[in-house]
Structure formats: structure tokens, C-alpha cells
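Notes follow once the structure below has been shown.
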Amino acid sequence: MLTPIIRKFQYGQHTVTIETGMMARQATAAVMVSMDDTAVFVTVVGQKKAKPGQSFFPLTVNYQERTYAAGRIPGSFFRREGRPSEGETLTSRLIDRPIRPLFPDSFLNEVQVIATVVSVNPQINPDIVALIGASAALSLSGIPFNGPIGAARVGFINDQYVLNPTTDELKESRLDLVVAGTAGAVLMVESEADILSEEQMLGAVVFGHEQQQVVIENINALVAEAGKPKWDWQAEPVNEALHARVAELAEARLGDAYRITEKQERYTQVDAIKADVTEALLAQDDTLDAAEIQDILASVEKNVVRSRVLRGEPRIDGREKDMIRGLDVRTGILPRTHGSALFTRGETQALVTATLGTARDAQNIDELMGERTDSFLLHYNFPPYCVGETGMVGSPKRREIGHGRLAKRGVLAVMPSASEFPYTIRVVSEITESNGSSSMASVCGASLALMDAGVPIKAAVAGIAMGLVKEGDNFVVLSDILGDEDHLGDMDFKVAGSRDGVTALQMDIKIEGITREIMQVALNQAKGARLHILGVMEQAISTPRGDISEFAPRIYTMKINPEKIKDVIGKGGSVIRALTDETGTTIEIEDDGTIKIAATDGDKAKHAIRRIEEITAEIEVGRIYAGKVTRIVDFGAFVAIGGGKEGLVHISQIADKRVEKVTDYLQMGQDVPVKVMEVDRQGRIRLSIKEATTPDAEAPEAAAE
């Protein structure tokens, strides 16, 4: 008999239910978490033993959305879900980031978390539900895990923080922030904002962390009732004697190596020291484990770098804690792109381009929460050569997708609306060198490339990565961190924004004890760094260029009566196809009668506008037009009078005398003046040649097209 154990509680405006014991009983732990009809089934499986020779913690998180959750069948050829979407990849990373630091350092057993969305309410995003589920399942499993964690989404509407806003509420919000953490510490923040102050951003983080305590309390209560026994796992005892011997041989030499400011030269020297020490120790005692020596060397290396920072000594590359590396900013470096920039900060460099397209270049995204169209794309590429390595080149990896989304969040708040700038915009950041914070270099490069392309962004934006080294109550916040400082430090804290405020904030914290004071120091230090970078960027380009590139399509907008849309499209699209072929333009029509004409040549666009005006012009009864015979029938002739319109000249209206045979008077393609006699309710036009050729008739209005 299946007996579920259920925990139900109120979480802001929503009711959350966590249920275990019903399904996937062969997994290490499984929970079904629901929040107002959005339900995510989360399983955890942990291997009891680590693989021999395992040197890293093999945690994988897979978040997957099933279309049946929204009552739909996949639209793919095989009618089933395929490879993970960008959204699924981003949510997998969102779950991974706060749980990874909570496993013991020496725990190397394989752990897999799978979160499957099985029911979705379009108003409730499944990502927070999945995070709560992962936390609950890991806490129930008995696997060594220093959780649970809580998770919350925070909005900012009418100057008030809103807990877990609905999809509709988020449209009105100036902030979309996700925060996750334990009872005592924030571990992860991911956000985008509409240029908010540092105080408002920090307030949102603190608000979200306070509110999520109810989640942690209820998971703890569920674990007390249904939790599995804790694993009998003990960390391998540290070989103190070997640690002391390694430190004696390597510490001073590694300290000298970390005074080499050039990255590749430093890496070469560090690798040589590690190889020498390992070889010397194995020569003395061949029973030693080379992998254990390497682990101890990594620990000594970390201690060398951290202790120097905490003592207030210069950093790896000789900088003080709040110094920014040298900047080099260039725009317009690629002649045929619509906009380009090369942004260099120390040994981190991004080549960024901006391309302008039409509405049909926009990305149509079919998500579980509904379909949407994205007219601003930002893609981030991290080729192996940027760090002096060889490797696979192909489709983007999880990291590239995540960094691209962060850079996009940083720029999104300053992008013009579709009515202000009716283009689809694609920004691509090619990381050509990397030594710390390439995603923030992408934000700076994107801002520069967009201005170079003539995109009327509201303000320039820049990004900076901050780091932290903390031991006890002693802490140092580092500005513009290197890759090594990111790896060996306790926090990765990225902030993007304009002179007026923050547009994106991302935090990943590896330790507990990060207080509001520390986050405040980091945010304030980041603001100073951001303003410094913006000052240098403004020397290269301070405002968007007045015109777009000569190689970019020009988009002209006109408005017609929505009732005339059918005339412009024509039967089966015949008229609009003929128009695009004739004028060499791209024409897009919206339901409200807005027409967008894209052309690289202004004259072609003007020609298309003129033709559309002719097609949509009202036919005036009593006016004489120049027409062309298009069809001859027994009872008269059809005559085109321009703009794709055609009327009938009845046989009785061809001449003043009786006409026995139409072809005696008219031939196909013949130009004739015609007078509009009537337009009936169905839009049919009755014409007369006889009335147009009377002595007192006025001159014809226009030539037929």
C-alpha cells in the first residue's frame, strides 16, 4: 500500500505541497512539489562509493519540461521532447549553483538530480518549485548535504518587494530576482532589473532570504518525519605529515610563482613546481599516491594566494584590491558588420558585433509557459583558444548559454522598444582572450557595439566581477577578479548597470557567513569600478551613432486602414508577393494595419510605399482613371485602374453606339480612360469608357500599374 507523506504550507500568496513516498521508490529520494497547479517531480540518486581515481565531485542536474504538463503535444517531427532547450539548460544551472557548495569538499560520489515538470500553471514558473524540490529530495536522501536550502523569486512593483510574483505580475515588475540560500546564508542570486539602486537590489536579496525561511523549516519538518538514515560517510583523514612535507617543498616556490603577472608564464611555472615536488616526493617514497600529492598541492596553492590577499599584499598581477586592469576600447573595427567593438580588460578580451534584421528574423520560442517572440538575441562564444587550449568546437555548452543570458540581462533594460526601433537585434560576443569575467566584458562590448550600430539604447552599460576572500571575521573584497581569484576565492559577484543603477546581478557564494555588510561593501566597490569603466567607454563612443550602417536594412513604417490589409495581401498572397518581387523589399503587415518595409536601398522602399498607397487608396465615384484592359468577356471588359484594383466596363458602356462585339473596340493590354460609376457593397467597381470620353470629361487621374 502506497502511503504518501505530505507537507503543505503557505508561501506568500501561494500554497506549496511537498509529497514523498509515492513514486520512484528505487531512487535514493524522490519528491513531488507543487505550487498552485505547477508540479515538479524531483529525484536524487547517489552512488554509495566513489569511482576509483575520481578527482572531482560528479554532480549532474537535469531539469526537463514535459509538454504534457501544459496539455500539449510536442510540435517536432517525432512528436516527442528532444535536446534540452535554452530555458531548461538555464534552470538546470540555477538548481546546480546553490546546492553544489553544500556537499563536503572530499565527497566524490556521483550524484544525479533530475527535476521533471509534470504540470504547469502558466502563472507559476516551475524554476522555484524545482529548486525547492531539489533541496527537499537531497535533504531526505541521507546523502552528505549541508542543506536544506530555500528559494524565492522577488519582484519590485510600485516600490514594494513582491514574493514569488505571477507571470502577469512580473510584466509590471522592475525586477526579476531569484535568491537561494540556507537558514543562515545566501548562496546564489540571479537577477535582471530596470536600473535599480544598489540599496534596492540588496534589499531584494535580504527580503527573499528572509521569506524563504518557511521553506527551510517545512523541509526540516518533512525530513524529521520521512528522512532516510544519514550515510555512514567519513571524509578521508588528512595526511598531516605529507601535508607539512608538501608545504615545506612548495609553499615558498608557489609564492614566488604567483608574483608572475603574465597568466600563461605563471601557469607554466606553477605546473613545473607541482611536477618537481611530486617527482621528489615519489622518489623518496614510491608508496605515496601522486593524486593525493596533487590535491595537497592545490590546497597549498589556494592558501598561498588567499593569505597574501588577507595580509593586504598586492594581488597576483600586482594590483591593489579595488584596482581595475588596464582597459582598451575600440569601436567600428569590422567594416561590413552593422556594429562592432573590441573590449579588452587586462587579459580578458571580447570581440562583439551587432546585427540588425527585420521582424521575420526574430526568434519564435515555444515554451511550456506559452509562445513568445524574442527580437533581441545575445550569443556568447568561448572558443578554446581564448585560454590557450585546444578543444572541441561546436554547439554552445551550458556555460556559454548561461554567460550569454547573464550578458543579455545586463543590456536588456536599456534596449529601445519595438515602436522606437523596429529591428530584430542580434549581438554576438566572441571571447578572444579570457582571464576572469568574460561575461562582464561581453556586457561592455555589447553596449559599445549597439551604439556603434546606431541602436538608440537608453544608456551605456558596463559590467564588473567582484571576488571575496574571507577567513573568520577578516575579509577582503576584490574588484575585477582574475580567473585564479575566482577559482580560489569564496564568492563570484557580477554586477552590470548604467551610471544610474543596476541592470543585472549574479552571485555565487561558496561559504556561509556572507553578511549584508559584506554584500554592501561589494556592491559599493562594484559601483565605483562600473563608473570607471563607463568613463573609459565613453571616450570611445558616448552616444549611439546618428544613423545605422549603410549595410543594414532600412525599416520604414506606414499605417493603413486594417480593412485594406486584404487588398495588400491579395488572393493567396499574390499581391504582396508581386510587390516584394517588383520592389526588392521585405514587407511585413501587422493586424492593426502597421506595415514595415525593409530595404537596403531607400528608393526601393519609397517605391514600395507608393505602390501600397495606390493599392489602399479609396476609389472615388465620378473620377476618371487611366486604365488597362486585362480581360475581355462577351458582356464587356475588365479594366485595371491601378493599385491592384479592377473594374468591369459593361458592353453598353464602351461606346455611344451599340456594340455587337467587344473585340471590335477593345484589345488586351489596351490603355483606356475609364470613369468610376459605382462601387457596390461587395467592393465591385462599375466603370464606363463612354462617360470618360465625353467632350466635358476631365483628364484621367493616374496611369495603371
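Using the three backbone atoms N, Cα and C, a Cβ is placed for every residue, glycine included.
The secondary structure of D492 (Mg(2+) binding site), as reduced to three states from DSSP, is extended strand. Positions annotated as Mg(2+) binding site by Swiss-Prot, on the basis of sequence analysis: D486, D492.
As annotated by Swiss-Prot, domain 'KH' applies to 553-612.
In the predicted model, the domain 'S1 motif' (622-690) has a mean pLDDT of 86. Annotation comment: Swiss-Prot describes 622-690 as domain 'S1 motif'.
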Quick one, of the binding-site residues D486, D492, which Cβ has the fewest other Cβ within 10 Å?
D486
Residue counts in helix (H, G, I), strand (E, B) and coil for the domain 'S1 motif' (622-690), per DSSP?
6 helix, 33 strand, 30 coil
By DSSP, how many residues in the domain 'KH' (553-612) are helix, how many strand, and how many coil?
32 helix, 16 strand, 12 coil
Could you check what DSSP calls D486 (Mg(2+) binding site) once collapsed to helix, strand or coil?
helix
